[in-house]
Amino acid sequence: MSTGHKSLSPSDFVNDENQSVGSSSSSFVPVEQNSENAIQMINENKQFNESILNYIEKSTSSSDIGNNYHIISVFGSQSTGKSTLLNHLFNTNFDVMDESKRQQTTKGIWMAHSPLVSSTLTNGSKSEENIFVMDVEGTDGRERGEDQDFERKAALFALSTSEILIINIWETQVGLYQGANMGLLKTVFEVNLSLFGKSKLDKNDHKVLLLFVIRDHIGVTPLENLAATLTQDLVAMWDSLNIPPELSHLQFQDFFDIAFHTLGHKVLQPEKFTDDIKLLGNKIIDMHDSGYLFKKNYHHNIPVDGWTMYAESCWNQIDNNKDLDLPTQQILVAKFKCDEILNLVYDEFVLGFNEHLLADAPSKSSDTETSIDYSELGLSFMQMRNATLENFELAASKYNQSVYEQKRAALSLKINNKFSELFEIYVKDLVDKYTKSFTDTVSFGKKKLQGNTFHEGITNLQESIFQEFSQNIALISLNGDLEYDNHVKGLQLKLEQMVSKQQIVELNSIITKSLKKLNNGLGKVIVEELNDPKSDTWDNILEKFKSYVDSTVSKYEVGAGEYDFGLGTSLQSNIGAINKFKYKSWVSFHELIHKYISKDNVLNSLKDRFDDKFRYDENGLPRLYQNGHELDNSFNESKSYAMDILPVLTIAKLSDGTEILPDYDIFDKRLRNQYGGASVVTADDQQISIDTDSEDEEEENPCFAEILSESDKAAILAKFKKEINAKFVETKRSIIQNVTQIPYYIYLVILVLGWNEFMAIIRNPLFFTLALLLGAGAYVMYHLNLLKPASIVAQRMIDESIVLAKQKLKEFLLDEPETHGHNLNKISGNKTPPEDESIELDNLDPK
């Protein structure tokens with residue numbers, strides 16, 4: 001143990017430094033020619049060197065580096081190559097071990113400035129920031145034996161003053177407790193927490209990076225697996241610390257970050273060792289590298305001269321702390337062995353758990369309807385947990401009793417946590433099953449519900465499901481060790497939400513069906529009334545509309561202002577549903593009016609009404625006007641008759657002159673948001689903001705009774721007048737054509753010029769009769785529009801006659817000479833005509 005702290009002057013370290021350089025000259029060869037000598041920061045007698053600041057100022061090119069620096073320390077077992085690692089990586093000149101001897105080389109704590117960091121960037125690059133590295137005396141050395149006081153304090157000092165603590169271990173040490181210095185780290189973490197943890201409350205973003213450099217990595221075990229093992233060990237170790245109450249909320253991740261890097265074997269794989277060193281150098285100097293190590297919250301945020309004072313103060317506090325003694329070795333052994341046994345039996349438990357229980361757990365791909373005996377399943381849970389705890393008790397109960405009980409409780413908690421994963425799977429499966437069963441039953445409505453009403457049936461179904469679910473889930477809860485009340489409440493809440501949604505669906509269905517019935521009936525009434533508009537048309541339509549609404553509302557009214565749909569919904573919801581029905585009834589009324597009354601429909605109605613009066617008389621026979629005076633009177637009368645229905649079709653006004661006013665302002669945006677959606681109004685819907693109409697404040701409010709605007713009416717009248725004026729002009733033109741006569745002098749001209757021809761026809765009865773027939777036929781065909789078809793038939797007859805004439809001429813020219821020649825041959829005794837004559841006759845055949 002230390003006998004006390006003593007700071008040395010620079011002259012006190014001269015002999016030590018000379019001895020170090022002398023001792024290292026025979027065993028150390030610089031990695032690079034530009035490597036820099038180191039200075040002993042704390043000697044083996046725990047004395048702090050006050051000349052550190054002078055060394056820093058001399059070793060840097062800038063006189064004032066301020067915060068532009070980084071501190072890196074290395075920590076690890078003795079003779080594991082810590083100094084060699086620093087020399088190769090940072091081009092420092094730390095003393096290294098003679099490979100022919102296994103003995104302590106580094107004594108105390110040494111510091112050196114890194115002039116160059118080895119990397120793949122042009123075979124090494126100078127960092128933009130100054131890097132100082134501290135080489136800490138190795139742990140577990142035979143020179144100090146069981147005196148571990150200095151190595152613990154040195155490790156604690158390095159952890160408290162550095163941004164990055166390099167933990168140098170061999171691959172074969174991963175997973176070991178002492179070999180990986182886990183025991184020492186645990187003590188250092190605990191003391192560091194007690195000494196410096198309170199500053200974390202004021203500066204909660206500061207962390208230290210623990211960089212594990214795994215040496216002699218041959219690649220059989222992936223880095224990911226090694227990292228997982230070390231991370232798990234560190235987190236577990238932190239959770240077991242004696243943390244002060246005021247810091248109990250802080251976790252390992254609040255103090256430390258972890259990084260990992262592997263190096264090949266220096267002797268057997270020299271090239272890979274060098275390459276791995278350079279890759280690590282990239283992470284230190286290349287800020288664009290994905291594994292860049294330095295972060296802002298690692299720095300202590302004090303100038304370098306302040307850091308030297310801070311480091312000296314830390315060492316004073318660490319060296320003079322009387323409470324730094326570690327627990328007894330018996331406690332350490334008990335903790336280590338109990339942890340080892342705990343991990344062993346827990347691994348066996350997990351193996352059996354995965355093989356026998358987890359494999360049989362329900363999954364998405366499995367049949368969710370498979371029957372499960374939850375009583376038997378819960379018994380198997382208990383048997384497996386008890387067997388695991390008995391195995392731990394058998395092997396670990398011989399160690400320290402308090403440690404054993406603590407670890408047994410931890411094991412029981414881990415087992416329960418593992419079972420909770422499976423428990424959640426079965427709970428989710430149960431929830432899915434009962435939810436599906438509930439949904440299937442509810443979807444059929446009253447058909448499958450046991451009750452007189454929907455509300456009574458749904459209540460009975462909920463109670464049945466809650467009781468069965470609670471019984472099954474309690475059987476697999478490890479006698480209540482696994483909390484399940486929240487799951488029961490969750491299912492209850494879920495079913496209540498489903499019931500609420502189904503109530504809304506049923507309520508909306510009632511409203512929708514009622515509105516559909518109203519639309520069908522009211523639509524027919526509107527069509528019938530508009531076929532023959534009268535002054536009381538809108539009185540009849542409004543009366544029918546109100547009768548439809550009142551008959552629907554009265555079906556569900558149970559009292560003055562109270563309604564019941566038999567769904568178990570609240571009074572507020574029922575009133576909201578009735579209000580919604582009434583509101584949407586007026587909306588449907590408005591839509592039906594505009595559906596059957598449009599600009600085109602009104603125009604057609606006016607034209608039809610005008611035609612009925614203008615073209616037909618009281619008996620329905622077509623009118624034949626004899627003179628213009630009669631036409632003018634009929635036109636004015638028909639026009640007035642048609643215009644009488646225009647006010648009825650353009651505004652919904654009762655016979656007493658009042659306009660139809662709806663019970664709800666269907667154009668109010670707030671009411672549209674409240675009643676116009678798909679869902680039924682609930683109590684929450686009353687909280688809709690009244691600011692929703694702010695956008696329409698400047699717009700003119702539309703009128704329910706106004707069917708067509710004044711501009712629409714003007715357009716209809718313009719088209720109507722244009723069309724009836726055209727009909728008037730057409731009718732008047734026909735009257736003028738009928739009264740128009742041929743001038744008499746025309747007949748005189750015809751008589752004088754055609755007298756001879758006329759008399760020739762008159763004197764010849766044949767010509768006279770033929771002329772009469774032809775004239776009568778032409779007259780008939782003209783009136784029947786048959787002149788063109790007749791001309792086509794005549795043309796075809798002429799064409800056929802020409803073809804027939806050609807054929808007869810051909811027969812005459814070819815057949816008659818051949819017949820005469822044949823007869824002459826018989827007379828002369830020749831049976832066949834001469835060849836030349838036959839050929840000549842053949843030549844007459846047309847080609």
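Backbone N, Cα and C define each Cβ position, glycine as well.
Copied from Swiss-Prot, the annotated features are:
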BINDING   GLY76, SER77, GLN78, SER79, THR80, GLY81, LYS82, SER83  GTP binding site
COMPBIAS  1-22  compositional bias 'Polar residues'
COMPBIAS  835-847  compositional bias 'Acidic residues'
DOMAIN    66-297  domain 'GB1/RHD3-type G'
REGION    1-31  region 'Disordered'
REGION    820-847  region 'Disordered'
TOPO_DOM  1-741  topological domain 'Cytoplasmic'
TOPO_DOM  787-847  topological domain 'Cytoplasmic'
TRANSMEM  742-762  transmembrane segment
TRANSMEM  766-786  transmembrane segment
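DSSP classifies SER79 (GTP binding site) as coil under the three-state reduction. Take the mean position of the Cβ atoms of GLY76, SER77, GLN78, SER79, THR80, GLY81, LYS82, SER83, the recorded GTP site; other residues of that chain with a Cβ within 8 Å of it are GLY138, ASN168.
Of all Cβ atoms in the shown protein chains, 22 besides its own fall within 10 Å of the Cβ of GLY81 (GTP binding site). Each of the binding-site residues SER79, SER83 was scored by the number of other CB atoms within 10 Å of its CB, and the largest score is that of SER83. Its Cβ placed at the centre, LYS82 (GTP binding site) has 28 other Cβ atoms within 10 Å.
Per-residue pLDDT, averaged along the topological domain 'Cytoplasmic' (787-847), amounts to 64 for this model. Note on GLY76 (GTP binding site): other Cβ atoms within 10 Å of its Cβ, all shown chains, come to 25. There are 22 other Cβ atoms within 10 Å of the Cβ belonging to SER77 (GTP binding site).
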